[in-house]
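Engineer: Just lifted these from TrEMBL, have a look:
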{"type": "DOMAIN", "residues": "35-316", "note": "domain 'Carbohydrate kinase PfkB'"}
{"type": "BINDING", "residues": "ASN42, ILE43, ASP44, GLY70, LYS71, GLY72, PHE73, ASN74, GLU168, ASP275", "note": "substrate binding site"}
{"type": "BINDING", "residues": "ASN211, THR243, LEU244, GLY245, SER246, LYS247, GLY248, GLY274, ASP275", "note": "ATP binding site"}
{"type": "BINDING", "residues": "ASP269, THR271, CYS305, ARG308, GLY310, SER314", "note": "K(+) binding site"}
{"type": "ACT_SITE", "residues": "ASP275", "note": "active site, proton acceptor"}
Amino acid sequence: MRSDSELIRSGSEVECQVAAVRDQNRDTNEDEMRILNIGSINIDHVYKVDHFVRAGETIGGLSYSIFAGGKGFNQSIALARAGASTLHAGRVGEGASWLLQRLAQEGVDTTHVTVGEAATGHAIIQVTPDGENAIVLYGGANQLLSEVDVESALSSCSPGDYLLVQNETSCVAQAIQKAHDNGLRIVFNPAPMTADVLSYPLECVDIFILNETEAEGLTGKTDLADIIASMRDRFPSSAAVLTLGSKGAIYFDASSVHQKSALLVDAVDTTAAGDTFIGFFLGELMLTGDPVKALTQGCHAAAICVTRAGASDSIPLRKELETIAVHQDSKAIISVIINMNSSPSIHSIA
């Protein structure tokens with residue numbers, strides 16, 4: 001089992017590399033665009049197992065490790081490593097200072113992370129030999145985020161900045177509404193997908209980022225074309241990204257669809273794949289404004305991530321993506337440009 005001090009040291013080992021990449025890719029101008037991530041901070045307890053435990057069954061774990069995690073934490077690490085100017089807001093319990101040190105080492109502003117008496121959120125994660133995972137999550141301090149916390153964090157942002165929220169903390173609906181009122185661009189990753197998400201002010205969301213389960217929960221549809229049609233009908237002013245695991249990802253808005261195939265890799269652990277995709281997709285989108293480039297960057301980062309164990313520890317540096325050969329026929333970008341008055345035209349871009 002890895003101690004807190006060991007985890008801090010392991011984070012320090014990459015600090016210089018991360019700082020160099022961050023300085024290389026980030027404009028230090030005070031007017032630069034920023035992203036505020038109001039998200040969870042967890043401790044991940046990871047057990048490698050032969051298979052997921054079944055009801056009434058007791059199994060032995062093959063190994064046990066402790067990692068810093070939580071969807072919010074992972075996404076902030078990914079954003080920072082992608083070159084985005086990142087602020088994190090959230091809550092942790094006492095004894096979790098090493099988690100904040102990890103964020104700070106990556107260049108994430110933790111001014112709006114508060115420490116309280118409740119236990120830090122944590123997850124029990126089973127990982128099978130093929131890299132799939134099953135997770136039991138305890139929200140802990142993440143569920144004590146208040147409206148005052150949200151308003152304080154948003155006061156650090158300017159119109160045109162981004163807000164990223166998941167569904168692992170309290171006050172998500174309030175954060176979305178307040179950020180919209182303040183002129184921020186809102187990105188919502190409804191994970192985990194719960195019934196109360198449907199009561200959130202979703203019309204305020206600029207970009208939805210969903211996996212297939214979350215898309216089904218939001219639309220009631222399972223067919224990809226039906227999901228896209230439903231999202232366009234309900235949220236005509238919004239864009240969305242569907243992450244499809246080994247099948248890649250799709251970006252669509254009111255008039256176009258772009259799909260990126262996944263790179264073929266030997267998966268070790270998929271725990272942070274979605275969070276890595278989100279961080280690098282948004283980082284590239286903030287940098288270039290190009291959703292197709294952002295889709296590619298997100299998929300490539302996720303492909304590297306799944307070849308490594310752990311959650312935040314598996315997230316690549318931006319410079320690692322430069323080593324990926326993108327001109328592979330089997331991994332080309334498929335761009336589908338939809339004209340609402342005619343049949344779609346499909347173009348494969350080598």
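Using the three backbone atoms N, Cα and C, a Cβ is placed for every residue, glycine included.
As the structure is a computational prediction, the values presented were derived from the model and not from experiment.
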Engineer: Cβ neighbours within 10 Å, counted over all protein chains: which one of the binding-site residues ASN42, SER246, SER314 has the most?
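Structural biologist: That would be ASN42, with the most Cβ atoms nearby.
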Engineer: What is the interatomic distance between the Cα atoms of SER314 (K(+) binding site) and LYS71 (substrate binding site), given in whole Å?
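Structural biologist: The separation of the Cα atoms works out to 13 Å.
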Engineer: Using Cα coordinates, what distance in whole Å links ARG308 (K(+) binding site) and ASP275 (ATP binding site)?
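Structural biologist: Answer for this pair: 14 Å between alpha carbons.
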Engineer: Spatially, and counting Cα to Cα, which of the binding-site residues is closest to ASN211 (ATP binding site)? Options: ASP44, GLU168, THR271, GLY310.
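Structural biologist: Nearest candidate: THR271.
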Engineer: Secondary structure at ASN42 (substrate binding site) (DSSP, helix/strand/coil)?
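Structural biologist: Assignment for ASN42 (substrate binding site) reads strand.
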Engineer: Mind looking up the mean pLDDT for the domain 'Carbohydrate kinase PfkB' (35-316) in the predicted model?
Structural biologist: 96
Engineer: Minimum Cβ neighbour count within 10 Å among the binding-site residues ASN211, THR271: which residue?
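Structural biologist: Fewest other Cβ atoms within 10 Å, among the binding-site residues ASN211, THR271, is found for ASN211.
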Engineer: Would you kindly give the Cα-Cα distance separating GLY310 (K(+) binding site) and LYS71 (substrate binding site), rounded to the nearest Å?
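Structural biologist: Counting only the Cα atoms, the answer is 13 Å.
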Engineer: Which one is it: of the binding-site residues LYS71, ARG308, which Cβ has the fewest other Cβ atoms within 10 Å in this structure?
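Structural biologist: So among LYS71, ARG308, the binding-site residues given, the one with the fewest Cβ atoms within 10 Å is ARG308.
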Engineer: Long-range neighbours only, meaning 6 or more apart in sequence with Cβ under 8 Å: which ones does GLY310 (K(+) binding site) have?
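Structural biologist: Sequence-distant Cβ neighbours: ASP44, VAL46, SER65, PHE67, ASP269, THR271, ALA272.
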Engineer: C-alpha of GLY248 (ATP binding site) to C-alpha of GLU168 (substrate binding site): distance in Å?
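Structural biologist: Here the two Cα atoms lie 24 Å apart.
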Engineer: About how far apart, in whole Å, are the alpha carbons (Cα) of LEU244 (ATP binding site) and CYS305 (K(+) binding site)?
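Structural biologist: Rounded to the nearest whole number, the Cα-Cα distance is 15 Å.
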Engineer: Excluding near sequence neighbours, so keeping only residues 6 or more apart in the same chain, what lies with its CB under 8 A of GLU168 (substrate binding site)?
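Structural biologist: GLU168 (substrate binding site) has long-range Cβ partners GLY39, SER40, ASN42, GLY70, LYS71, GLY72, GLY121, LEU137, GLY139, ASN142, ALA191, PRO192.
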